[in-house]
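Note sheet for the following structure.
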């Protein structure tokens, strides 16, 4: 997910702005290492999550629907990371063709914004279940969650589709670049950034903060003896902490830094030192943004009802079945005999 504006050279300086030359080879080992780590952890965590949600959970609640789609979005992104690792190990030389370059660029942004919207939907669902439990019986259903998730996928695909238009380009030396752009597309990126910042980050974050403030107020003002099951309260608190952590660590720094960098690139009077400093800082914020695929499994693990119990129970059953019938053919997806209905 390195944004398409990280390389500065004379041709990328718009409208006569000052040109700043820079050797950006420092980013190659950083990106290759970080993307490799994210790929391994993210693939394992989200594969386990999908197995538990799809194979071990008989009743799909609204929250489970959002978590399944969040895991699918993460898997789509991490499956493209091996290509990025190879690209940066080769020091910025793309060997996989123009189509895969476009898909890899699209995957980063599609994952970024779909994750934000799925977390927002999950937060609204939890808000309704905790603050308006009676009203939520009709409003919070698996069917409504499916409709919301399909709408999110369609909307995110539309707003991130411009990244499918920017593919690889070949330098005179024969080196093939990907995830970079020319100065001619900088103004378009500048405009798109503000749409993404407002619609894709600020509005969802405001909704999440309002929902969590209402949940926290409800939990604090309810007398201890009248509070519902303590596990429900614990999950609510864990969700607040984890989702806000993902936003503060992964999403907000990336968008703030990207906005500052674009302003400096557009401003013809900004100094080279400032541009180069911001250009270097983009590496850190892009890495943090990519890490959302590793942090999301923590939400499944600590927030999802009986997630850990279902997974550990499946491991124990499989271990016992192999001891009894080592040659038996078992299905990959095995629905447990007893499944409790998840409230939210």
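Cβ from N, Cα, C; glycine included.
Nobody curates TrEMBL annotations by hand; they come from automatic prediction.
Among the ranges 236-256, 320-340, the one that TrEMBL lists as transmembrane segment is 236-256. Sequence-distant contacts of the transmembrane segment (276-303) (same chain, six or more residues past either end, CB-CB distance under 8 Å): 1-3, 5-6, 8, 20, 22, 24, 26-27, 30-31, 34-35, 37-38, 41-42, 45-46, 48-49, 52-53, 67, 70-71, 74, 77-78, 81, 108, 111-112, 115, 119, 235, 238-239, 242-243, 245-246, 249-251, 253-254, 256-258, 260-261, 264. Proximity of the transmembrane segment (194-215) to the transmembrane segment (106-124) is established through 3 or more Cβ-Cβ distances under 8 Å for residue pairs spaced 6 or more apart. Looking at which of 66-86, 106-124, 236-256 has the most CB pairs under 8 Å to the transmembrane segment (145-165), the answer is the stretch 106-124. Sequence-distant contacts of the transmembrane segment (236-256) (same chain, at least 6 residues past either end, Cβ-Cβ under 8 Å): 112, 115-116, 119, 122-123, 126, 130, 193, 196-197, 200-201, 205, 208, 212, 215-216, 219, 284-286, 288-289, 291-292, 295-296, 298-299, 302-303.
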